[in-house]
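Feature annotation from TrEMBL assigns compositional bias 'Pro residues' to 42-61, 101-114, 242-258, 383-394. Annotation source TrEMBL lists compositional bias 'Low complexity' at 177-197, 209-219, 334-348, 395-413. Annotation comment: TrEMBL describes 509-545 as domain 'Zinc finger Sec23/Sec24-type'. The domain 'Sec23/Sec24 trunk' annotation in TrEMBL covers 582-821. Here TrEMBL flags 826-910 as domain 'Sec23/Sec24 beta-sandwich'. Summarising the annotation, TrEMBL assigns domain 'Sec23/Sec24 helical' to 921-1021. Look at TrEMBL and you will find 1047-1121 tagged as domain 'Gelsolin-like'. The feature region 'Disordered' is assigned by TrEMBL to 1-413.
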Amino acid sequence: MYIEGPSPTPGMGYNMGSQAPYNPMEAKGPVAPGAALYNPGPYQPGPPAGPPAGPYQPGPPAGSHGMGSYHTLPGQSPSTRPPMGGGPPPLTPPQSCSPAPRMPPAQATPPPPAATVHNYYPNQHQAPSPAWQYGAAPPPVGAETPVRAPPPGPLGNHVGPMNPAVTLAPPQPSPSSPAGYAPTPQAPVPHSAGSGSRPPPAPLQGYTQPGHAPQMAPMAPQPYQPGRAPYGAPPTGHAMPPMGPPPLGNATPPPPKAPAQCEGSAGSTHTPTEADGEQGDIECPGPAAGNGLQAPYSFNHVENHMAGSPQPGPPGRHLGHYPSLPPGYQNTSAPPGAAPPMYAGTPMQAGPLMQAGSPMLAGPPMQAGPPMQAGPPMQAGPSPYPQQRPPSYPQQPQLYQQPSGGPGLAQMSSSLASLSLQASTPEALRVVNLLQERNLLAPGPILAPTPPLPQDLQKVNCNPEVFRCTLSSIPQTQSLLNKAKLPLGLLLHPFKDLSQLPVVTSSTIVRCRSCRTYINPFVSFLDQRRWKCNLCFRVNDVPEEFMYNPISRSYGEPQKRPEVQNATIEFIAPSEYMLRPPQPAVYLFVLDVSHNAVETGYLQVVCQSLLDNISALPGDTRTKVGFITFDSTIHFYNLQEGLSQPQMLIVSDIADIFLPTPDSLLVNLNECKELVQDLLKSLPHIFEKTMETQSALGPALQAAFKLLSPTGGRVSVFQTQLPSMGVGALKSREDPNQRANAKDIQHLAPATDFYKKLALDCSGQQVAVDLFLLSSQYCDLASLGCISRYSAGSVYYYPSYHHQHNPAQVERFQKDLKRYLTRKIGFEAVMRIRCTKGLSIHTFHGNFFVRSTDLLSLPNVNPDAGFAVQMSIEENLVDMQVVSFQAALLYTSSKGERRIRVHTLCLPVVNSLSDIFAGADVQAVTGLLASMAVDRSVSASLGDARDAMTNAAIDSLASYRSSVLTIQQPGLLAPACLRLFPLYVLALLKQKAFRTGTSTRLDDRVFSMCQLKFQPLVYSMLMVHPALYRLDDLTDQGALNISERTIPQPRELQLSVEKLSRDGAFLMDAGSVMHLWVGRSCNPSFLTQVLGVPDYAALPQNMYQLPELDTAESQRTRAFLGWLRDQRPFFPSLHIIRDDSQQKSDFMQNMIEDRTESALSYYEFLLHIQQQISK
């Protein structure tokens, strides 16, 4: 029996029928051929057309993920611009996006001559609004329910319809000199303290909408610490009542989350290790009739990063111009004497500088991440994977240092008006003409925007490597967000390896009695005995124990406790947070030993790696291990203490699998280590002459589930071919002749629901399944991947793996396996995300099972996993100056400790479009867009996903041009913070997951989609936009000094062949693979001093390692490559490519800015966007 897990009843537990059907849509007829494929103008009805070609033409029944019929209902007029997501039914709970959430149907991609346009209507009986609703909350239906209470109806694993408010967001701000602004300082507007409501806060970036005067009303100081007013709703001019949430102006504050049910009801047979206010919190507020046992606490589950404030990046480089423009685009600059572009309003406060540049190697919540193309610099992680700064970027001061203390960090400044005013345009809003300024990559890393918060709040804010938002300034209303055409969402790396993590051991974990928020740096203390929650504004008492500060050993200063000084903190949970004793670390290895598997040679590598790292497996004296091998039968291994050698037990009845000796198949590692080692030494030899070619993967997984169900744990599955026998058997669905299909791609969805259902069963018993796929043939990863996606596991893919023919893959597999076996791990975890009243979560992305509206079930959590969350604004935030998000991850450590890692992020609320644009995080927007596009590709079609991504770039720049700029000029104009957005969108369109017209194996495409949804942001950005460096002229100028090593920092180059030369050597870092292309006329000294060959002709065709030569050039090059590799938790393989090599195409496919037979060049893509905006 599940507690908040999947129900045994298929229809309910797996939610196969609880989803509401899609609203009707209508396809428009094809647009006239040419580059102008897109009409962003007002909605115009058009004649209905037949459904577009794609895998999902007929409308599926309710509960399925089909797209539904494409015909509009009578009386509806189709719109030419669909929103990013269909309007979800008001009572549909947020669902896991892993299966395939729906993205806004978008318009045609640039290359093809015609496209199909679809319309999404939030309500099938209501005509569409002319505005593109991006994040509008679903309209209420029926009786009003408490805010963020779980909606009625069974919860399932399917993804709910995408909120109409969700679209794809714009890119990040960038540096450069301000261009043509005439800002004037604005005097503060006085505000009458006697008025019943206060005016909206002033725009933080210094610009107001036309007709709006910036206003800032200071919050009334509180008696305890006048320097910092409490968070939450500002005063209304009268004395604030001592208890309860303050009024929110015109909007009635939503009631606190209503507890739905307490976990651990009497008679429960399983113990989910979770607690939180609504869903089985161990401390549910107040008695709940009929809920059985009441758990005494609730908790969140997500991990954040160290507190601190990002530093502005180095100044931008001088931006060059395109050498020549096509006819008709020569006059893109304003005529002489024309006024420069201006923004509506007068600048008051300059926003934070944004560094523009190429994506970094550093990533979101993973282990010490490698530098990736996009993203903030990563924090150094613990050995053996230290996290360094990204390549080719000058070293900058360490970000997010733990504050040493200081008075009143829990108190807010009396008002945001204390921020100094600047009379210059924020760098993020500097106007960039993309058709003229070509060299947009910055010399340094692209940092996440710094939210315009008071200094004392910003320095304790959460590290963006762990917790970041697509918009660092939150719009006051959903309509304002819709107008900006930017998506609102969070990206998390909750279990990231951190070099500094405060750990608190306390018998009392202080939490809000109403919403169960953990106390954090952004609460406010009314006095020494009372604090106000920053999410629901309830006033709570300070426990007596919290009055004592264990660090300073002082009494009476609760605001100086570590919990109030750090936005990321970890608690060792007391017994109230346990419904059963913490489980031991349990590892089960399921190995394919068919003839095909033995031929690849992987078995020897796995067994040797386990022998080398058996003592380094995370765990304690209770750690258990077990082994299952399979071909056409299932083989178990009795490792019971006392046996002289391992005993193989074969079960040939795969139709009804059973465990032959249940008590001796999982054994204590410490007690039976010698037997385990004997088995690992003998396994490769036992099957080396096998001729069995069948694969019964499904029955082997069923056996693994039965073996681990009593305890939970991790299953590591190694598979080398398509399953061919028993349940879960699959047939090849790939047609090699269709790999380069320029229209649409079939079979991205699973062929069977067996693996998904089994994964949900595993999740209910705290079992996660990790899949290692090593194959040269099609394996249907779209189906097999479900076993990991819904059980919070990971997928590893090694195409064309062979121990002799592909040594680069073997090296990568060895390094990845060592990391996998030795990294930290959390068992029986749950993660909850909370946010300030008025905000709500509606879609999750990642590998997990959604247990309730804001609770994710994670049987295992690892430091290399990332998550994304789409948000919407349900109630106006006009009376708030800041909002907060809190993610809490409750897990059992490998040592058997119950721990809670809490991350809290605070962001300002703004009321002007210019402030929203200035705070756009281009990389976070691109990452969220990629996750949405993956879901759209599976639920609808790849063509729809491509159209939606293109429209996201068009819409955001069109909104900026029409709503922010007041003086128009020719050209394609973008704010500096979004100048890389079109480039990133084009990179996504050419990425392996979404590209068309280029031969791409189906498994390769599906694995790329898995990576975009599961990897933390910094790593996925490097996949989207690789980094290109020239290596034959490395110098020590600007080099980093790390551990007495000199690390060169070459300049990152644009991804275009014009940056290449035949006399050089160029490194392409694409995340999981690196290509070193050596020109035919390469510098002879590089060939001899670095590659160790006398001339170009002597360079071998299949070289995958740099020789260790005792030369300065070799040491420099190897130091740079090693530094890149050390900054990511996975091991990228290196391929050294001659100019005449067949692998040159792999290198050239990453030249995103160049034209191919099936895709536009970057310049052509910009012209296409400009034409659509100008219509």
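Glycine too: its Cβ is placed from the backbone N, Cα and C atoms.
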Winner by Cβ pairs under 8 Å against the domain 'Sec23/Sec24 beta-sandwich' (826-910), considering only 509-545, 921-1021, 1047-1121: 509-545
Whole-number mean of pLDDT values that fall within the domain 'Zinc finger Sec23/Sec24-type' (509-545): 94
Helix, strand and coil residues within the domain 'Sec23/Sec24 helical' (921-1021) as assigned by DSSP: 70 helix, 4 strand, 27 coil
Helix-strand-coil residue split for the domain 'Gelsolin-like' (1047-1121), DSSP-based: 22 helix, 14 strand, 39 coil
